[in-house]
Amino acid sequence: MAWTKYQLFLAGLMLTTGSINTLSAKWADMFNAKGCQEEPERPFSHPFLQAVGMFLGEFCCLAAFYILICHDKRRPEPRVNRGQSFNPFLFFPPAMCDMTATSIMYVALNMTSASSFQMLRGAVIIFTGLLSVAFLGRRLAPNQWIGIFITILGLVIVGLADFITGNKDSSHKLSDVITGDLLIIMAQIIVSVQMVLEEKFVYTHDVHPLRAVGTEGFFGFFVLSLLLIPMYFIPVGNFANNPRHVLEDALDAFCQIGHQPLILLALLGNTVSIAFFNFAGISVTKEISATTRMVLDSLRTLVIWVVSLALGWEHFHGLQVLGFLVLLVGTALYNGLHRPLLARIPCCARFANEEEGGSGERERLLNDGQVQTGDNS
C-alpha cells in the first residue's frame, strides 16, 4: 500500500527533526566563546542547561495538546480522545528518570562524537528487555533474546571503534571518549527504568501521548531549572569545563551566548526539534505503524553519522560501519522487523506466523501509542 502525502510528510519530519535534535546539541558543544570574565575563548560546555532546553521542547507538547483539543471542539463530531482524568504526579517518577538520563547523555555528548552517541543509545533495548522480564513478568521471544545478544556485540564494536579513533582524534581525549561512552550506556539503564515505570503505572491509564510527553516535560523543566541554582555552587573540580569548576554555571552560559549568538540558534534548534520530533513520532505510530517508527529512528542514526562526517566533525572508521550494521540487525530482530522477510520465504512462513502471534499484543500497544510516547533526544 502506497503512503499518502501526509504520511510521507510525517516520516520526513520525524527523520529530519530527530537528526537535527542531536546535531544541534553537538553543534552547540563545538562553539568557542568568552564567558563572563576576561579569559580566552573556551568550548561551550553546559549540558544541564541544554537539558533544560530539551525539556522545554517536551513541555511545548502539552501546549500542542490543548491547541489540538481546541481545534477539535470546532468540529461537528470531535475525533480526539482526550483520555480519562488522571493524577499528573503519576508522571513524576518517569520524568525524574528522563531528567537524570538526559543530563547524563548531554554530559557524555561533550566527550564523544554525535554518531557514537546515537549508536550507543541502542543499548536501551538490552536493559528494557531484561527489566520487563524482571518487573513486568514479560516473556521475551527467542528473536528478542538473539537481538539483545547481537546488540551487545554491536556495542562492543562501536566502543572498540571509539577506542581506536580516540587515540588518533585530537578533538576528544581517549579518556573522555571512554568515559562518555560508559555514561551513555549508564543513561540507557535509567531510560529503561523510565520505560518500565511508564508501562507499569502510567499507560494503564488512557492518556493522550502528547499530553503524556508534555506532562513529563513540565516536571523535567521545572525541577531541573530549580536544580541549576544549587549546581551553581557545587564544586566538581576539573570535571566541569567552566572557570569556577562548578557542576553547572548557567550565568557563564548566558555570557557565552552573548559573545557568540549562534549558540542560541543551536539551543533553539534542539528545543524546537524535540517538540516536532515527538509530535512526528507519535503521528507516525498512529498513521503508519510502530515498525515504521523504529525503522526511521534507525535511519536517524545514519543521517547523523553522514552529516557529522560531511561537516568534518569526526573521522570515518570502518569499524563504525560494522558496529552500526550489527546494531541495526540486533534492533531489527528485537522489534520483529525480520518477520515480513520470513513470511516471503515458503519454508519459513510458519515460523514468522508463530512469532507474529507471540508479539501481536506489544505491536498493538505500540500502535496505540501506549508503550513509548516520547523521545528525550
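Backbone N, Cα and C atoms are what each Cβ position is placed from, and that goes for glycine too.
Features reported for this protein in TrEMBL:
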SIGNAL    1-18  signal peptide
TRANSMEM  48-69  transmembrane segment
TRANSMEM  89-108  transmembrane segment
TRANSMEM  120-138  transmembrane segment
TRANSMEM  145-165  transmembrane segment
TRANSMEM  177-197  transmembrane segment
TRANSMEM  218-240  transmembrane segment
TRANSMEM  260-282  transmembrane segment
TRANSMEM  294-313  transmembrane segment
TRANSMEM  319-337  transmembrane segment
REGION    358-377  region 'Disordered'
Which of 120-138, 145-165, 177-197, 260-282, 294-313 contacts the transmembrane segment (89-108) most, counting Cβ pairs under 8 Å: 177-197
Stretch among 48-69, 260-282, 319-337 sharing the most Cβ pairs under 8 Å with the transmembrane segment (120-138): 319-337
Remote residues contacting the signal peptide (1-18) - C-beta distance under 8 A, at least 6 residues beyond either end: 273-274, 276-277, 280-281, 283-284, 287-288, 292-293, 296-297, 299-300, 303, 375
Closest-packing stretch to the transmembrane segment (48-69), where packing means Cβ pairs under 8 Å, from 218-240, 260-282, 294-313: 260-282
Recorded stretch that, among 145-165, 218-240, 260-282, has the most CB pairs under 8 Å to the transmembrane segment (319-337): 145-165
Long-range environment of the transmembrane segment (260-282) - Cβ separation under 8 angstroms, sequence gap at least 6: 10-11, 13-14, 17-18, 20-21, 24-25, 27-28, 31-33, 44, 50, 53-54, 56-58, 60-61, 64, 209-210, 213, 293, 297, 369, 373-377
